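A short worksheet on the structure shown next.
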Amino acid sequence: MPQSDTLSQKSTKHKRTASGKLSTTGETELNVLRSHLNSDFDEGVLPVSIKFKLNSLFAQIEREFELLYVQNLNLQDKVETLLEKLDRESIINEKYVEINDIESVSNINKNLSKQKVLVSNPSAAKLKTTNKLKVQTSKIVSSFKTSLVNCFKVRSFAGHRDGVWDIAVRPGQPVLGSASADRTVRLWSTQTGKCLLQYSGHSGSVNSVRFLPNKDLVLSASGDKSVHIWQAVINWECLNNDNDSDLDESKELDESSITLRTPVKELLGHSNVVIAADWLSDGEQVITASWDRVANLFDVETGTILQSLTGHDEELTFCASHPTQRLAVTCSKDTTFRLWDFRESIHSVCVFQGHTDTVTSAIFPAAGSGDQDRLVSGADDRTVKVWELRNMRSPLATIRTDSPVNRLSISPCTGLVAIPHDNRQVRLFDLSGQRLGRLPRNNRQGHHRIVTATTWSDDTGLYTCGFDRIILSWSVVQNKKQDGGE
């Protein structure tokens, strides 16, 4: 989960697993320190020398854990490479077997013709042989069916100094926003990859970012327990020029962008990390989600809390609003997510209990998609579920994956669901639960750390972000023939 400080804190997240032991030297020093503390310091005040040793030990632990984590990543890369090679070999073997089958059928046909076997209906025999060949050929074609989508990387956005927790696209403009553990929000040109504006008003990790449609306002939630509303003043000259500049030089990005430090409005009231925030459909109110187990509904103009939404048993992890109706959803570590209805003066709530682990996100399809009566949720139980708003008892579809799910997104035009995983994969499904493919990771095209979030710009534009401090843009195009051309 995004949290109140840097990515190094995230390294202790329960999702990560690594094997190995700390050095015996470190254990010995810890025992010595413990004995000193028990015998000499009853008041709980540590001298400078002990503090220094503790800091050194903690730094050593962090370095060794990071080394183990990198080793795990490299090992996983090797496993994935071997699995891909195994898949290719199995396909080749299948093709070889089926070609032999075709040759045997052809040889039988030749032998029959040489021996001049009498057949009551020669044309029927020829038709049967042809059908056999067609069946065998179709097997070969089916064994080589490709992904139902074509994906390739378009651009990378570099400049953040720590992990990127969230991303959002500004409606109607070529602008991308990113929220990072480095305590900043950056606005990027999707056309050039250049940083247009940097917001540095938060004193903690920035955990989410959202644009207000049709207005130059941005909403950001932070580990400093606050939510900021600020003006997105875009440097359009920077956007239109220097298309061919070197995008990998972060100094150049910083020099060409504007830095903003003061919000238009600061929303206060939470007692712990604010993990997410979103605009309600009318833009006059904001919903926030916090680790204090409360979601607040704020009035944008006054900055006051209109309602405090309670009921979750553990920390909240996400919140999102419906694109056209006064509905919102909140997710929690208590394995549930809740649908809040503000269309009446007294709000109502529905509880969805379909997951067995932390629910990391739940979102509505975009306006005009035709699926606005649906809701899609993802969780650490490695599943994604598609729900109907009128039926919260059982999901319409369940997608099972091999890794915990982070902040997913739905294409506003095609309804494709982009699912980011802890194992650095991004998989693509439709709302019926059919798997369409995944983003490529060969030749180091993809992320090399946990993928935290995805977002769509249009039917073909997909953006992903992760702990590797970068954002990647992708082109995702559905193949026209999804049935093998049959």
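Each residue's number is its place along the chain shown, starting with 1.
Placement of Cβ uses the backbone N, Cα and C atoms for every residue, glycine included.
Features reported for this protein in TrEMBL:
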- 1-10: compositional bias 'Polar residues' (COMPBIAS)
- 1-24: region 'Disordered' (REGION)
- 157-198: repeat 'WD' (REPEAT)
- 199-231: repeat 'WD' (REPEAT)
- 267-308: repeat 'WD' (REPEAT)
- 309-343: repeat 'WD' (REPEAT)
- 352-397: repeat 'WD' (REPEAT)
Chain residues outside the repeat 'WD' (309-343) and at least six past its termini with a C-beta under 8 angstroms from it: 1, 272, 275-282, 287-297, 349-353, 355-367, 372, 375, 377, 379, 381, 389, 392, 407
Residue distribution over DSSP helix, strand and coil in the repeat 'WD' (157-198): 0 helix, 23 strand, 19 coil
Counts of helix, strand and coil residues, the repeat 'WD' (267-308), according to DSSP: 0 helix, 22 strand, 20 coil
